[in-house]
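S.K.: Just dropping this structure here.
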Amino acid sequence: MSNVLDKTNLHELSIAPKISTHDEKLYECTKCGIFFHRDSVESATEINPHENLGEVRAVEDKPNNESIKVDERGTCNFHFIDEHHGKVDGINTEYDASKFKQILENYSKLTEPNQLFECLPSNLRPPSDDEGSDGKSHDPQSNGLGKTDYTVPTIIPPTVLPVLHDLAQQMVKAGHQQELFKTYRDIRRAVLAQSLEKLGVERHSKYDVERMNQDVFEAKIMNWIHYIRISVKLLFAAEKEICHQILDGVEPFRDQSFAEITTISFGMLLSFGYAIAISRRSPEKVFVILDMYEIMIELQPEFELIFGSKPCTEMKEDALNLTKLLAQTVKETIADFEVAIEMDATETVVMDGSVHALTSYVARYVKFLFDYEPTLRQLFQEFNSNDPDTKLKSVMTGIMRALRNNLDGKSRQFEDAALTQLFLMNNVYYIVRNFRREEAKNFLGDDLVQTHRRIVQQHAKQYQTISWNKILQCITVQSSKSGLIKNESIKKTLVKEKFKTFNSQFEELHQRQCQWSVSDVELRESLRLAIAEVLLPAYGSFLKRFGPMIESGKNSQKYIRFTPEDLERMLNDFFQGKNLDVSPKR
């Protein structure tokens, strides 16, 4: 409904003022466009909220040339002279202080949650029972960061607001501004508190928060995010709107009233945020605290607009302080996480050399942080406004370094040096694999990703050296030093010994390393290929050169147990994490 009503609309609503005939001079009410006679308007009749508001008539108004203003002490700055001794054209204009309270109480009802949900953008409304949820992944759009439209709810019928405004002006003129202030504040404050209580807002202390299990903790925070968004964007916005209409021109009571109406409710909302921020920190909490930080950033324009007046300064500062405290909590929690990684002393031994639980946990943790990249950049800008990107990359580098240091310590639990290298290769590669995507490079920096790739290659080469150099020596003949060549012939016994040693060592490697695990298919295949490229040509050359000498004798299969094809097939068993038959299939 428009704030401007013409005379026709007024007559249709039956609240048109009755113009006196003894004075033809009219004045215009600049706020609503209604024309009043300078000396008189019709006094209000009793209000019954169950009857049509059209029966409500305008309250007696008798202004002079001065506008109504109230100073800081609540004192009116004009003199009111009733020339007609309480009568205007025979109409009773005696002031009745109960009308304002009666109408305000009758039309001030709590706003039901469903009404509020209807005022939200569709993507922020609670899902219906049959819609379900599609997971917990963080989506900035779903948290209200996108451009979305909100509809301020109607908390008092628009047709009642001009009536309340006129009554409020009457009370001020009669010198009852303090009664007006107290009546309006108490009624609206109680209704606002009831609306928030019906919505689900409740007070929690730091100790309440620390006793919550993780699921309850997260649910409470997600509810709080919805509550504070609804409260600020809908309830507080609507409250300020009607306050400005009803108490228009009654400064400073208007802003002071709004401040005192909302301060308790807003304080209760913020108290939960403060309780979260100062409660015991843990790495798992950082994501929901980031969600809280995001909503506080999202609501900053509303804080500036809704709490922009001087009486609301403290509320605006409390909101800003909570935002900073949440940012500090996130920063300190991530720093704690880095320390916790390096100090992790879990004795879980990964016997097959596969990815350790700590590695998968850290990688998953950092991947979740990727989803908050814009938020983290903004957050770190509060602490390093010159270069938040460098600070963010430094934090991520510290986490990766802490993980590698811890893995180095855990790798010492293996007695087999080759398994140590395989374990480190697996774990560092797991990080690289999870950080391939472009967002990760932007988040961590390409240098960090490339550094970890080189570390993977180093561990792979060290594994090959430790595992395969010894066996390759069995099938390598150096004529100048070995002493095996004499008169262009090789003694069969020495050749047989070399074959036997090779067979024994390969079977041992096969038996042991087929139980080791390289879970990533790409890494597993590349490692097998690297082994095959060295082993198969060397064995093939040795077999081609010395095989005929053994095959010409008895029991040749005792010494030549494998063909190059057998070795290639058996290499495919490596790193499967299984117990396999080591006998070659001929």
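The backbone N, Cα and C atoms fix where each Cβ goes, glycine too.
So Swiss-Prot says this about it:
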type	residues	note
CARBOHYD	Asn65	N-linked glycosylation site
CARBOHYD	Asn106	N-linked glycosylation site
CARBOHYD	Asn321	N-linked glycosylation site
CARBOHYD	Asn487	N-linked glycosylation site
REGION	119-149	region 'Disordered'
TRANSMEM	258-278	transmembrane segment
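What's the neighbourhood like for each of these?
M.R.: Its Cβ taken as reference, Asn106 (N-linked glycosylation site) is surrounded by 13 other Cβ atoms within 10 Å in the chains shown.
Counted within 10 Å of its Cβ, the other Cβ atoms near Asn321 (N-linked glycosylation site) come to 13, all protein chains included.
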S.K.: For Asn106 (N-linked glycosylation site) and Asn321 (N-linked glycosylation site), what Cα-Cα distance in Å is obtained after rounding to a whole number?
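M.R.: Spelling it out, the Cα of Asn106 (N-linked glycosylation site) and the Cα of Asn321 (N-linked glycosylation site) are 38 Å apart.
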